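Q: Sharing the feature lines straight out of Swiss-Prot:
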ACT_SITE  Asp265  active site
BINDING   Asn196, Leu197, Ser198, Glu199  ATP binding site
REGION    1-320  region 'Ribokinase'
REGION    345-476  region 'Cytidylyltransferase'
Amino acid sequence: MQNPHIPSFAQARVLVAGDVMLDRYWHGPTSRISPEAPVPVVRVTELEDRPGGAANVALNMAALGARAELVGVTGRDEAASILEERLAAAEVGCHFQKVDGLPTITKLRVISRQQQLLRLDFEEAFHSQDPAPFAEQVKQQLVHCGALVLSDYAKGALRDCPGLIALAREAGVPVLVDPKGTDFEPYRGATLLTPNLSEFEAVVGVVKDEQDLIAKGQQLIRDLDLQAMLVTRSEKGMTLLRDGLPELHLPARAREVFDVTGAGDTVISVLAVSLAAGAAMEDAVALANIAAGIVVAKLGTAVVSAPELRRAVHQEGGSGRGVMSEAQLLIAIEDARAQGERIVFTNGCFDIIHAGHVGYLDTARRQGDRLVLAVNGDESIRRLKGPGRPINPLERRMAVLAALEAVDWVVAFDTDTPEPLLESIKPDVLVKGGDYSVDQVVGHEFVKSYGGEVKVLDFIDDISTTKIVERIREKD
């Protein structure tokens, strides 16, 4: 499929309800084996606390720029206070039901040389708690939100999933569930379930092949009155299933996998935020797949930011060079500037590419680190040059220009001048070729206003597209 459309995540407000926990990390080097037992000795040099479980889902949403509200159950202890502090710093709204006498669920991981050596769980599940106060808190927050995520780790917070799903359906809010266990009946009526393959097989039995997965998944969708199911399949990617519609399979995108901790949280958070922001299901799934590829390349419970996701979507479209839309170009420029690179901008019709163009573009490229070449659209050229032009249509001109070594990015514009594009890009250097003075270059005042440079370069004498066209017509 084509690159997914990224909606405005800032417009999304999502409610997350489920099992919250604190992910604690002890980091340190290890260089010897304990004399007491055949285990490595880790000298702890760094302590780190991160929100986990449903709290990590909410944190992922906040990192994307969305507004997240979180309903969960905790103890009345230091771990709960740390969770509230970390989440408040990310502007996540916390609505915790605090229980006396029980600890906040905490998972301690010992990390050395970027490897997890040991995990210790500190928990007593909240299964004996009255679910009514939790449901009431969900009901209060639901009226302000565009999607509900149920993040189920089977720790007791989601004791009444049918009731919560009914509340959401009554409010017309889609419900996304990250399921747990061998029985998906409590999630009946949800909009979308996101089991991993192991969780899926625990319910439907061993999957023999692709067709078996599709058949069993669609049957489960009908049995549970779901709209869709997304089965995440580790290195095999993910598969979206809907009753009566063709399956959509997306291959895994991760180049390196360091840690799958929290990857499911990332998937469901991107799905929910995308749908709440108005994205189509196919786009939401594609974005979630790309985000999963980013997060598994990080160590520990991690989040994916909106700029990271935009850059990854941009990279999905190619090698980071060549013909781009304006939106793709702005992302590429943002990435280049983050590396300290200077952006050079030039523009023109480039109807018939000749030696003068090649020499000019090579010189222009040397004025900085990256060269943006803005090309007049066909209608723009007709207005400027007359009804007989262009000789070559836009797509062909851009393809040839993108193949030149000096050119990093090629983008089209349909206006008579490139000023709107200049205002979006804000290049470090504006370059124009020909017999101009700096004051005659379109956009010079704007570029100088923020400290940019404006330069005029020479074309090779006696070579121009107009002269070439005239010679061809004379011979005809």
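Cβ atoms are placed via backbone N, Cα and C, with glycine included.
Describe the structural context of each listed feature in the structure shown, including burial, neighbouring residues and relevant distances.
A: Cβ neighbours within 10 Å of Asp265 (active site), excluding its own Cβ and spanning all shown chains: 28.
In the three-state DSSP assignment, the secondary structure recorded for Ser198 (ATP binding site) is helix. Other C-beta atoms found within 10 angstroms of the C-beta of Ser198 (ATP binding site) number 10, with every protein chain shown included.
Mean pLDDT, taken over the region 'Ribokinase' (1-320), works out to 90 on the 0 to 100 scale.
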Q: DSSP-wise, what's the residue breakdown of the region 'Cytidylyltransferase' (345-476) into helix, strand and coil?
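A: Helix, strand, coil within the region 'Cytidylyltransferase' (345-476): 55 helix, 26 strand, 51 coil.
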Q: Using C-alpha atoms only, work out the spacing between Leu197 (ATP binding site) and Asp265 (active site) and round it to an integer in Å.
A: 15
Q: Which has the fewest other CB atoms in a 10 Å radius around its CB: Asn196, Leu197, Glu199, the listed binding-site residues?
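A: Selected from the binding-site residues Asn196, Leu197, Glu199 on minimum Cβ neighbours within 10 Å: Leu197.
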Q: How far is it from Asn196 (ATP binding site) to Asp265 (active site), counting Cα to Cα, in Å?
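A: Pair distance, Cα basis, whole Å: 11 Å.
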